[in-house]
Amino acid sequence: MAVPTGRALVFVTGNAKKLEEVVQILGDKFPYKLISKKIDLPEYQGEPDDISIQKCKEAARQVDGPVLVEDTCLCFRALEGLPGPYIKWFLDKLKPEGLYKMLAGFEDKSAWALCTFAFCAGKEEPVQLFRGITEGHIVEPRGPRDFGWDPCFQPEGYDKTYAELPKEVKNSISHRYRALAALSEHFCQDNGAPETKRSKHQD
C-alpha cells in the first residue's frame, strides 16, 4: 500500500512538545502532513525493536491507515543499558534528580539516548524502523524542567544539557533528529512510496 504524497500521516503522541519538535526537525521537505493523535496502546515489554514493532502494528490497526510511532530509550552504561525502554516509568517516579542519583555509586556516568521511529502504511503492512543514537553523560539536572529527562542528559562534546541547549542546536544533534533524518531521507528518496524500498528493519 503506497502512501500518496501529501496524505495525512498519524503520529501517535499526546505530547504537544514532542509533536512541535518532530515537525520542526522534519521541516517542509517531508512529503506527508503530520497529524498527532493520542492512542491508548498496551505497555509492551521486551527489546526496543520488538516494542516499537508491536506498538506500531496495534496503532495501524486502530487508525486503519498510515501511522508513525516513536519510542525513546535512555541507557546507562554502568547499568548495562537500563533504564532503556522503561525510562518513562523511572522518570515518573524519580524525576531527573533521581535519575542522576541512580549513578551516584558508579564512576561511569556515560549514557546513550536511543530513538526509534516505527512506520506502518496500514493494517497487515510491514513495519519499518528508523533509529538514532546520541552519546552523552548523566549529570546533575540543569535547565528547564518541561521536557522529560533533558535536564540530566549532556550530549557528548557539549557543556550544556539538552534542556540548556537552544532548540535549534538540540534539534541538530539529538537522538530524535538522527532517527527522523533517516526516516525523512528514506521517504523523500522514495518520493511518496515508502513501500517500494524496504528497510532492512521490518517485520
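Cβ atoms here come from the backbone N, Cα and C positions, even for glycine.
Pulled from Swiss-Prot:
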BINDING   13-18, Lys55, 71-72, Lys88, 147-150, Lys170, 175-176  ITP binding site
BINDING   Glu43  Mg(2+) binding site
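Of all the binding-site residues given, namely Lys55, Lys88, His175, the one with the smallest number of surrounding CB atoms inside 10 A is Lys88. According to DSSP, Lys88 (ITP binding site) sits within a helical segment. For the pair Ala16 (ITP binding site) and Glu43 (Mg(2+) binding site), the Cα-Cα distance reads 21 Å.
In the three-state DSSP reading, His175 (ITP binding site) counts as helix.
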